[in-house]
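First up is the structure itself, then whatever we jot down about it.
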Amino acid sequence: MSGDLSPIDKAKFVAAKRAAELVEDGMRVGLGTGSTAAWLVRCLGEMVREDGLKITGVPTSARTAELAREVGIELITLDEARWLDLTIDGADEFDSELNLIKGGGGALLQEKIVATASDQMVVIADKAKEVETLGAFPLPIEVIPFGWQTSQALVEETLISMDVMGRSSTLRMNGASPYVTDEGNHILDLHLNRIGNPRQLALVLNQIPGVVENGLFIDICDTVVIGYGDGKVEVRDINEGTIETDRIDFVETDNLFADLND
Ligand SMILES: O=C(CO)[C@H](O)[C@H](O)COP(=O)(O)O
């Protein structure tokens, strides 16, 4: 079954599988959202079922909660957990300081709250997500539905005043209707091309009335696990200044795929 995966899915899978090795018995683990994070949830589910790993998970979206339950991970709410040992999540872009753009999957608000309430946030990504400067991926911001067009105009004016390169924004759609987040909000995608000062932009965006949160994760993540389509993985820890390389054997994953397809 693992032979049917595209190179990009293999890369996501090996990053997730390697990151799952960081999870230890008794941990409270934040479970990210998106296709890479879904691999992580499946890998952890396999470890719970096959190896008796004892963890409690805090999901960052309804989608992740559903998958985690399906694979046998015990879930608690963030307020029950209060603080987490580790959050593992995907990203849309990461730079050399491990500043991130997240929210391509629309879950940035819960993702940021959960990651911030964790001792450590580990990002799992394929190599294509690494960038020199953030911003080619449209930056998602979550806005409340009331007066969203006014909030959009305020955001665009702010971008002009900050001299940010691209300034257009689009309302994310789900077919013919606006996309609705788990919190009942909408998402504006900001087409910026290049974010010269992500720290400043993150602070300024959150001052705009109607903006609930933005997808810039600054100083939240310190480790990235980068997957490659040939099974290679690289673990970079920017605090320790270390880079480890490893290899994940796809054959070992057959049980995982079988369980999912039964
Ligand atoms: O931020 C996210 C969801 O809100 C995801 O982590 C991000 O979009 C990456 O997704 P994928 O792993 O599917 O490429």
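Cβ atoms here come from the backbone N, Cα and C positions, even for glycine.
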Inset, instruction - Would you identify which residue of LYS129, LYS232 Swiss-Prot lists as part of the substrate site it also attributes to THR33, GLY34, SER35, THR36, ASP89, GLY90, ALA91, ASP92, LYS102, GLY103, GLY104, GLY105? - result: LYS129
Inset, instruction - Starting from each candidate's C-beta and looking 10 angstroms out, tell me which of the binding-site residues LYS102, LYS129 has the most other C-beta atoms. - result: LYS102
Inset, instruction - To the nearest whole angstrom, state the Cα distance for the pair GLY104 (substrate binding site) and GLU111 (active site, proton acceptor). - result: 12
Legend entry - Maximal Cα-Cα distance (Å) across residues annotated as binding substrate, namely THR33, GLY34, SER35, THR36, ASP89, GLY90, ALA91, ASP92, LYS102, GLY103, GLY104, GLY105, LYS129: 16
Inset, instruction - Please state whether DSSP places ASP89 (substrate binding site) in a helix, a strand or coil. - result: strand
